[in-house]
């Protein structure tokens with residue numbers, strides 16, 4: 001295409017960007033700026049999805065200054081069109097270079113296509129209209145961002161995501177207990193922030209071992225393609241940009257990478273919108289000597305507007321550590337540790353009042369006094385009288401309790417900054433049962449251990465303990481590859497018998513090392529032909545998906561999945577309830593992570609944990625410490641990290657040297673400290689915080705709405721028709737799933753996001769949750785969004801001609817169906833779509849210009865129509881032109897009335913909602929310092945911006961259908 005600087009083009013795929021200007025032509029690329037949204041797009045000159053905008057004599061064009069020009073002629077100079085005509089305000093003869101056209105101009109292209117005989121198939125018009133309706137429905141939903149992720153509809157998770165994800169630059173601490181889904185909550189918030197335009201650039205910082213887990217979670221659950229950055233990736237990225245972090249929008253990296261000053265400086269300069277830090281409780285801090293890791297996150301949190309910290313429960317690592325994390329979120333608010341402790345003491349009165357309100361009994365005097373003092377600026381006596389009165393309707397009393405609870409939540413505690421759910425407050429978890437199976441130590445292992453003892457004097461205590469826990473690895477090191485430990489290890493014999501006696505059960509087996517997992521698979525296959533598959537860190541994501549799918553398959557699938565420690569990260573298998581621990585990890589957190597593969601919300605059965613171990617070895621001693629000291633097999637142990645830190649040296653000594661007295665002493669001390677920590681945590685429970693974190697009835701209402709949307713058969717039918725029109729091959733696979741593949745006859749050359757070898761999808765959430773290799777299709781899924789964009793961003797379905805066979809009407813009767821879009825060009829981040837979403841406006845005119853759309857609905861009218869071929873349709877349009885021209889003007893009049901009303905309603909809704917929220921936050925700021933000034937300033941600016949965008953809203957003709965009555 002011939003491009004020149006200053007020319008005006010419109011994007012065929014993103015028409016909402018408005019009129020674009022060519023700002024750079026270099027080599028094979030052209031860059032177009034879209035001033036209406038402030039966005040740049042770079043295209044290949046040869047294949048740019050752009051249409052040149054040139055007006056004709058008779059057209060009216062608008063300058064960027066607001067005045068119009070009635071075009072009489074046009075000339076061209078250096079590739080730039082110059083329009084000549086009459087100035088609308090002065091009446092003078094003037095010229096206007098195309099570069100100075102108003103960038104908010106919209107184009108009624110369907111009219112031009114109709115009169116040029118470019119007529120689409122009838123079904124494409126219908127699909128286009130449905131696509132616009134789907135876009136409107138999605139944009140106007142207050143649950144935008146929650147429907148699409150492949151996650152269970154868990155109330156507390158959806159509540160936190162709904163509350164936090166809607167905020168501008170949220171800065172919160174997610175501190176749920178293990179197994180309650182902090183990663184999912186963070187993913188939901190990220191998904192919402194991206195989909196709503198509140199964030200575009202996101203940096204996730206995780207420990208080295210969790211980078212892959214986050215990559216998998218973000219892709220498989222949220223359809224978000226993050227890039228993992230390490231030193232090698234940074235070096236490679238220099239070819240594209242001086243700052244490697246600018247080469248991707250969504251980045252995962254480790255703290256280790258950012259410890260390097262050069263990389264940290266680059267990250268600080270990369271203009272992120274949201275920072276997410278996992279395992280934030282490992283950021284060590286003291287007032288005198290904060291750790292390097294803490295300083296890295298602190299520096300980033302000072303320049304990045306939004307911050308999510310994922311951490312262990314606040315009680316787990318002590319108050320000072322908890323304060324340090326809150327300080328990262330708001331250093332002005334949490335500036336002094338002593339002041340923080342004093343404030344925490346005052347929360348006890350709040351907790352007492354909250355506990356009383358959350359119950360059903362009458363309020364004790366102490367609670368009433370606390371409430372009166374805490375809510376001093378509000379007269380609460382009417383609510384108190386309702387709660388205390390006899391014979392009052394239970395719903396009325398509950399409403400009064402809820403109102404006072406909400407007042408407490410708004411005004412006290414860290415509810416806007418901290419979310420923490422515990423298993424005590426969230427129901428739905430299975431029970432855990434521990435089964436241990438002792439076996440004698442084989443002679444071969446004893447010999448290998450003796451030889452190693454003579455040779456390994458230089459090894460560290462931890463290395464010796466790890467060696468003692470994995471005798472099979474030690475044996476294999478001393479023997480050549482022809483020796484196979486699994487031929488004599490009694491644990492393998494037990495495993496084979498166990499699987500044979502539980503043939504109908506799915507069994508997850510976890511071992512520390514990938515080599516162990518591979519050997520076990522070989523043993524099961526060669527000795528008994530048991531169907532098992534492996535899952536380890538040496539496999540690609542696709543290979544792991546296939547292994548997981550093979551295991552999940554009910555018929556013909558693997559009975560057992562054998563995972564390595566690292567390989568199992570980020571994968572959950574709730575459909576299985578038997579877990580075999582072939583060995584034990586040294587760290588209690590890793591043990592909980594193993595059990596957590598099955599022990600999640602959504603697990604429908606009790607979990608049976610099986611441990612085959614070698615008697616009188618380090619394996620037995622570690623098992624006793626976990627079971628008798630921490631009760632870590634049958635209950636989650638939030639204090640496991642603290643206990644391991646305190647007793648690590650004693651534990652390692654006991655594992656390396658068999659001393660029964662030392663073991664007994666260690667178990668007694670561990671039990672005592674475990675009970676002490678458990679009691680402290682129970683005492684420290686903040687009832688108000690728990691109520692705010694799990695959301696109660698409001699959370700249930702959100703989940704019910706999402707569940708209703710899941711069963712929307714209209715959506716399923718619309719999406720299937722969309723894929724049919726585009727030409728995507730669809731093969732029914734059974735199990736509520738279909739395979740989508742690109743075909744040779746697709747309407748578009750490519751379908752972004754649809755792999756060449758296809759993808760298996762389902763509309764059923766339960767099916768998607770049980771199968772990692774099946775994508776969950778909702779209106780938010782990229783394959784649906786891309787399909788909608790392909791249709792609505794192209795000319796597909798913009799014109800159509802149809803026949804209405806109805807003898808009750810005279811033959812030749814003409815109807816003109818016009819679909820307009822009420823829209824305004826605005827950046828996603830403005831949130832304009834919440835008040836004025838892209839809205840299709842249907843006008844159905846008879847030949848006299850009467851609008852029949854209120855009397856004749858779209859669906860019933862569409863069913864009566866028959867298609868005509870393009871050639872005949874063109875002739876019918878040509879013959880009807882004298883009637884059609886005045887009807888277009890009439891249709892625009894009707895649609896403009898609707899748009900004006902919609903804009904007025906949008907302005908009223910926006911002003912009402914934002915003013916109310918601003919007023920609420922301003923009044924709360926006086927009593928709750930957790931309200932940030934940045935949030936208030938954002939709301940004030942947003943109101944001004946939205947009014948400007950609403951003023952610029954316009955009407956755009958999107959599609960035309962001409963209908964003629966025939967009796968033939």
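Count begins at 1; order follows the chain as displayed.
From the backbone N, Cα and C atoms, a Cβ is placed for every residue, glycine too.
Listed ranges 278-281, 282-285, 286-289; the one Swiss-Prot annotates as motif 'DEAH box' is 278-281. Scoring each of the binding-site residues (179, 181) by how many neighbouring Cβ atoms lie within 10 Å, the top position goes to 181. If you average pLDDT over the domain 'Helicase ATP-binding' (163-332) in this model, you get 90.
For the ATP site, the Cβ centre of 176, 177, 178, 179, 180, 181, 182, 183 serves as reference, and the other residues of the chain with Cβ at most 8 Å from it are 185, 421. Residue 180 (ATP binding site) is surrounded by 27 other CB atoms, counting those within 10 A of its CB over all protein chains shown. DSSP assigns residue 182 (ATP binding site) to a helix in the three-state reduction.
For the binding-site residues 176, 177, the largest tally of other C-beta atoms within 10 A is found at 176. The 10 Å shell around the Cβ of residue 183 (ATP binding site) contains 21 further Cβ atoms across the protein chains shown. In this view, residue 178 (ATP binding site) is surrounded by 21 other Cβ atoms within 10 Å of its Cβ, with every protein chain counted. When Cβ atoms from all protein chains are considered, those within 10 Å of residue 182 (ATP binding site) total 25, not counting its own.
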